[in-house]
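Some notes on the structure that comes next.
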Amino acid sequence: MWRRVASLSSSISSSFLAQTASRLNTWESLTTGIAQQAKGVIAPKEKTPFITFVLGGPGSGKGTQCIKIVETFGFAHLSAGDLLRREIASKSADGAMILNTIKEGKIVPSQVTVKLIRKEMELSDNHKFLIDGFPRTEENRVSFERIIGVEPNVVLFFDCPEEEMVKRVLNRNEGRVDDNLETIKKRLTVFQALSLPVINYYSERGKLYTIKAIGTEDEIFEQVRPIFAAFEQTVG
C-alpha cells in the first residue's frame with residue numbers, strides 16, 4: 001500500500017545530527033515558544049519545543065508505541081483523537097460537530113484540532129511533544145505550521161497492512177465511537193487518500209522514519225528507540 005514511501009534508516013548519521021542541532025539553534029533564534037491562543041503572540045519558553053508527529057492508520061499501534069516513548073524518553077503525549085473525544089464529552093460548542101464529523105469518517109476541520117493541540121502545549125511544562133494522529137492531511141500540516149510557527153523535528157510513520165489494522169481495531173473493545181467496522185473502513189479510505197501526501201512531504205524533507213508495525217510491542221519499539229536515542233544529546 002505504501003510502496004511509494006521511502007523507508008528511512010533508523011541509524012542517524014553524525015552529519016544529520018549536526019544538521020538537526022543547527023536547525024534547533026535556528027529555531028531558538030526565531031521562536032521560543034508557542035503562539036498564545038487569545039493574544040496571538042509568542043509565549044516565552046525555556047526551551048524550543050521538540051515536536052514529533054506520529055502517523056499511521058487506525059489500529060497501526062502508534063498509540064501503544066507513544067506510551068513506550070513517553071516512558072523511555074520523557075515526552076508529553078498529545079493524541080489528536082483523544083483531544084477530540086474529550087471535546088465531544090465536554091458538550092462544548094464544537095463537540096456535536098466533531099462527533100458528527102467522526103461518525104461520517106471525515107476529518108475534523110484543521111483549526112479546531114490545532115486549537116486543541118496548541119492549548120495542551122501551552123499548558124504543559126514539557127518541551128518535548130508526541131503529537132499522535134496529526135496531521136492527517138496537507139491542510140492539517142499547513143495549518144499547524146502556520147498557527148504554531150514551527151515544523152516537526154521528527155515524523156514517525158507506522159506502516160501496517162490494512163487487514164491487520166482492521167483486526168486490531170475490532171478487537172480492542174475500548175468503547176470508542178469510531179471503533180466499528182463501517183467507520184473503520186471509512187477511516188482507512190480517508191487515511192489512504194489524504195495522508196500519503198503528508199507522509200511523502202516529510203520524506204522529502206528528511207524528517208520521516210518508517211516503522212514496520214508488525215510484531216510484538218517490544219519488537220516494534222526496537223525500531224523506534226534508536227531514533228530518539230540519537231536526539232537525546234541535542235534535545236535533553
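Cβ coordinates come from backbone N, Cα and C, glycine included.
Caution: TrEMBL annotation is automatic and unverified by curators.
Within the same chain, residues at least 6 positions away in sequence whose Cβ sits under 8 Å from that of Ser60 (ATP binding site) are Phe158, Asp159, Cys160, Met165, Arg168, Ala213. Feature annotation from TrEMBL assigns ATP binding site to Gly59, Ser60, Gly61, Lys62, Gly63, Thr64, Arg172, Gly215.
The annotation ribonucleoside 5'-phosphate binding site is assigned in TrEMBL to Arg85, Lys106, Ile107, Val108, Gly133, Phe134, Pro135, Arg136, Arg176, Arg187. Cβ neighbour count for Gly133 (ribonucleoside 5'-phosphate binding site): 24 (other Cβ atoms within 10 Å of its Cβ, all protein chains included).
Feature annotation from TrEMBL assigns CMP binding site to Asn140. Under a cutoff of 8 A between CB atoms, and with a sequence separation of 6+ in the same chain, the neighbours of Asn140 (CMP binding site) are Ile107, Ser110, Thr113, Val114, Phe134, Val198.
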(request) Please tell me which one of the binding-site residues listed here (Arg85, Gly133, Pro135) sits closest to Gly215 (ATP binding site), measuring Cα to Cα? (result) Gly133
(request) Let me know how many other Cβ atoms fall within 10 Å of the Cβ of Arg172 (ATP binding site). (result) 13
(request) Could you check the binding-site residues Gly59, Gly61, Gly63, Pro135, Gly215 and say which one's CB has the most other CB atoms within 10 Å? (result) Pro135
(request) Out of Lys62, Arg85, give me whichever of these binding-site residues has the highest number of other Cβ atoms within 10 Å. (result) Lys62
(message) Below 8 Å Cβ to Cβ and six or more residues apart, same chain only. Which residues does that give for Thr64 (ATP binding site)?
(response) Glu217
(message) Considering Cα atoms only, can you say which of Arg85, Gly133, Pro135 is the nearest neighbour of Gly61 (ATP binding site) among these binding-site residues?
(response) Gly133
